[in-house]
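As recorded in TrEMBL, the features of this protein are as follows:
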{"type": "DOMAIN", "residues": "A:96-325", "note": "domain 'ABC transmembrane type-1'"}
{"type": "TRANSMEM", "residues": "A:9-30", "note": "transmembrane segment"}
{"type": "TRANSMEM", "residues": "A:95-121", "note": "transmembrane segment"}
{"type": "TRANSMEM", "residues": "A:141-162", "note": "transmembrane segment"}
{"type": "TRANSMEM", "residues": "A:198-218", "note": "transmembrane segment"}
{"type": "TRANSMEM", "residues": "A:256-282", "note": "transmembrane segment"}
{"type": "TRANSMEM", "residues": "A:302-328", "note": "transmembrane segment"}
Amino acid sequence: MLRFIFGRLLVLIPTFIGVSIIAFAFIRLLPGDPVMLMSGERVMAPERHAQIMAELGLDRPMYIQYFDYLVGLLQGDFGKSIISKRSVLTDFLTLFPATVELSFCAIVLAVALGIPAGMLAAVKRGTWLDQTIMGTALVGYSMPIFWWGLLLIIFFSGYLGWTPVSGRISLMYFFKPVTGFMLIDSLISGQAGAFKSAVTYLILPTIVLATIPLAVIARQTRSAMLEVLGEDYVRTARSKGLSPFRVVGLHALRNAMIPVITTIGLQIGVLLAGAILTESIFSWPGIGKWMVDSVFKRDYAVVQGGLLLIAAVIMIVNLVVDVLYGLVNPRIRR
Amino acid sequence: MAATETKTAAPPSGLAEFWFYFSRNRGAVLGLGIFLVILCLAIAAPLVAPHSPSEQNRAALLLPPVFAKGGQLTYLMGTDPVGRDILSRLIYGARFSLFIGLVVVSLSVISGVLVGLVAGYFRGRVDTVIMRLMDIVLAFPSLLLALVLVAVLGPGLVNAMIAISLVNLPHFVRLTRASVMTERTKDYVIGSQVAGAGTLRLMFMTILPNCLAPLIVQATLAFSAAILDAAALGFLGMGAQPPTPEWGTMLAEAREFIQRAWWVVTFPGLAILITVLAINLMGDGLRDALDPKLKRS
């Protein structure tokens, strides 16, 4: 097992170097002068230009610049925002919990609804129930989530007035962030109504972000379930006289879960891509909105650092999923 | 002598067999129907659309659709904030979406299949390098990478298409490589190799045709995903630029009016959803018809 984990880690090294080269190259590929871009100034005397060039190390050969960049990364230096002058890593760590909170709620919702829906469709295969569930799943899978979010806002926030439109919690509540997770922080703060407020702000973004993973999980559960239901051990369990509930819920589900768990793991990248859109629609202060805003503000240092940090998160999550999968299914350890 | 001849039914042609499996999936036929309608509308847009997509009528700003109170028959789906006919813009928008899908899929399929074929056929160091490169692309969330690429290249429809193709590439490379690797060691390939077939012939004439089925299914899915991604980029302001009647861009322009004029927001999104759904329905049917392993289910 240790060898398996170690092997996976070794593969990550060239990928990380590649990712860092892309992030490094990004700022140099942009149209325009890098000094102007990085300093954020419009007009500049040639002497000052040369001075900044030297300050930023841009006058040195490319490979030395890259080496310095890499050394900086390993020391936790992901650059500084051109506009706010804050460290990119600090901003990332401040905003990341918001994205994690939203993504976590979305994946919980997707699993909690998707697995039972897929099971039901498989057991009732061919009936109208199956067709309705699978039809809905395909609609969810085809959904432009940025439009879906707007529709939900029109209906629930505009027409019914049930949910707020944007942000994480009502402005009436203010407390120092402890964990960065609004649900937990609002409970810790002990202010009456704070937790409820946080929940109402979370509902719509969660639904929007969960839509596509939910559809994928439901479809995957159904097909895995159908495959397992035809196996001999399921027939044996049935002929032993076990209740259908026990056969499906225990014997079949356990074995059908292996491909479904992989699918859930693969949804992490989908969630982060979805977070970019969802956070933009609901003004959710997470890393997705942060990246989009930085692209628009031309804060390329943030884009560069954020790109690298997000890729690192995805790589680590994929590694964890791989290792977990190796634990569950020893055959793939080879 | 003719009387003794026994009549045997000719084996069904490939196309007939394909249609047999495809048409058993009613959803797929429905999807194909909808897709053909959208395709015809897109091709015949200047003939079908009641107005020009850029014609502004100052007397009819934010007019509701015909079935709502205050709607007019000349503007079936109402007008947008500058008095353009939404229906006409949607019909013209179909051209952009289908074109985006076609270009993205062509670009990523052609390059992905070539790279994947090389990786799967030659294996060894070439394969390792290619797969590591693909891992790097896959380490980024697709939409984020596309967004950043467009920031580098400059916002616009063409650059958005290039970015989305690049982000799609690894899926085709991996899929082609995997099927080439299973086919590579089969007897018929060894056979033609022994018979003296050259490398290129083996790659393109012997192996590739046997790897097409999963690629076609993936291409269908990539087609709908490309439409969604391009619309998302348009929505974020990084795809097609206004006043292009691209559906995602239309949504972005309509965003500030969501509380006042629901139709400006609803119809472009509905157009995206219906198109993507039709293509995905077709994709499910194609998978049933082309993937022999899944034919039983």
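Positions of Cβ are set from backbone N, Cα and C atoms, glycine also.
Between the transmembrane segment (A:198-218) and the listed ranges A:95-121, A:141-162, A:256-282, A:302-328, the one holding the most Cβ pairs under 8 Å is A:95-121.
The transmembrane segment (A:9-30) makes no contact with the transmembrane segment (A:256-282): fewer than 3 of their CB pairs lie within 8 A, with pairs spaced 6 or more apart in sequence. Residues of the same chain lying 6 or more positions beyond the ends of the transmembrane segment (A:95-121) and with a Cβ under 8 Å from any Cβ of it are 129-130, 133-134, 137, 168, 179-183, 202, 205-207, 209-210, 213-222, 224-225, 248, 253, 260, 264, 267-268, 271-272, 274-275, 278-279, 284-288, 290, 313.
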